Amino acid sequence: MDLHNIREDYSKRELSEGDCADNPIEQFERWLDEAVRAQVNEPTAVNVAAVDGRGRPNSRMVLLKEVNSEGFVFFTNYHSRKGRSLDAHPFAAMTFFWPELERQVRVEGRVERLAEKLSDEYFESRPYQSRLGAWASAQSEVIPNKAVLVAKAAAVGLKHPLHVPRPPHWGGYIVIPDLIEFWQGRPSRLHDRIQYRLLDGGWIRERLSP
């Protein structure tokens with residue numbers, strides 16, 4: 001397959017310094033709102049990259065579940081490969097991609113586990129079958145076949161027919177950003193890139209060469 005000529009030329013929008021909020025979280029919320037209103041497919045889907053204890057990188061798509069003044073929140077199995085990586089090296093990079101708007105957002109920062117109370121609250125909001133799955137799946141572990149997973153989920157359902165408590169190995173992380181970059185595709189690959197860096201407790205905004 002020849003991939004050389006598969007490309008898009010971007011021309012829908014531009015991003016100037018005057019368009020940007022002083023705070024990158026506010027700017028992100030603006031862009032996320034625009035992505036939702038534009039009916040972008042999976043606007044909260046984000047790639048999370050981490051490094052394990054051997055220095056090997058790994059990445060996964062997860063769903064952003066909250067953004068606030070502290071950072072970006074997602075939930076996962078703490079025993080999964082990404083969970084073990086984040087516990088070993090508590091730093092992550094996130095990338096949002098909204099092709100319909102020709103936009104990307106990159107986030108880098110320190111990672112912390114959420115307070116158990118907050119993980120409990122979110123877990124209670126999940127559909128019943130999803131809560132069963134959190135108990136049934138030893139995420140990232142090799143299993144002999146799918147039937148084993150289905151049987152485990154059924155067993156959890158028999159044990160917890162009404163209320164499924166949060167497993168201790170499942171919960172949230174928050175990425176506390178020290179760098180956020182907004183990328184807007186432009187013609188001739190002269191893309192707009194506006195970066196915010198945290199310095200001495202305040203955000204510095206600067207333009208990057210594409």
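Each Cβ is built from the backbone N, Cα and C atoms, and glycine gets one as well.
Per Swiss-Prot, the features are as follows:
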BINDING   ARG7, GLU8, ASP9, TYR10, LYS65, TYR122, ARG126, SER130, ARG189, LEU190, HIS191  substrate binding site
BINDING   60-65, 75-76, 81-82, GLN104, 139-140, TRP183, ARG193  FMN binding site
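Around the Cβ of ARG193 (FMN binding site), the same chain contributes GLU181, PHE182, TRP183, GLN184, ARG207, LEU208, SER209, PRO210, each under 8 angstroms and 6 or more positions distant in sequence. Less than 8 angstroms from the CB of ARG189 (substrate binding site) sit PRO210, each of them six or more residues away in the same chain. LYS65 (substrate binding site): 14 other CB atoms within 10 A of its CB, across all protein chains. The two recorded residues SER140 (FMN binding site) and ARG126 (substrate binding site) have their Cα atoms spaced 21 Å from each other.
Within 10 Å of VAL62 (FMN binding site), as judged by C-alpha distances, no binding-site residues are found among ARG7, ASP9, ARG126, HIS191. Of all the binding-site residues given, namely ASP9, LYS65, ARG126, those whose Cα is no farther than the 10 Å limit from the Cα of PHE75 (FMN binding site) are LYS65. Spread of the substrate binding residues is 43 Å (greatest Cα-Cα distance among ARG7, GLU8, ASP9, TYR10, LYS65, TYR122, ARG126, SER130, ARG189, LEU190, HIS191). Here the CA atom of GLN104 (FMN binding site) lies 11 Å from the CA atom of HIS191 (substrate binding site). According to DSSP, PHE75 (FMN binding site) sits within a strand segment. Sequence-distant neighbours of ARG60 (FMN binding site) (same chain, 6+ residues apart, CB-CB distance under 8 A): ASN47, VAL48, LYS82.
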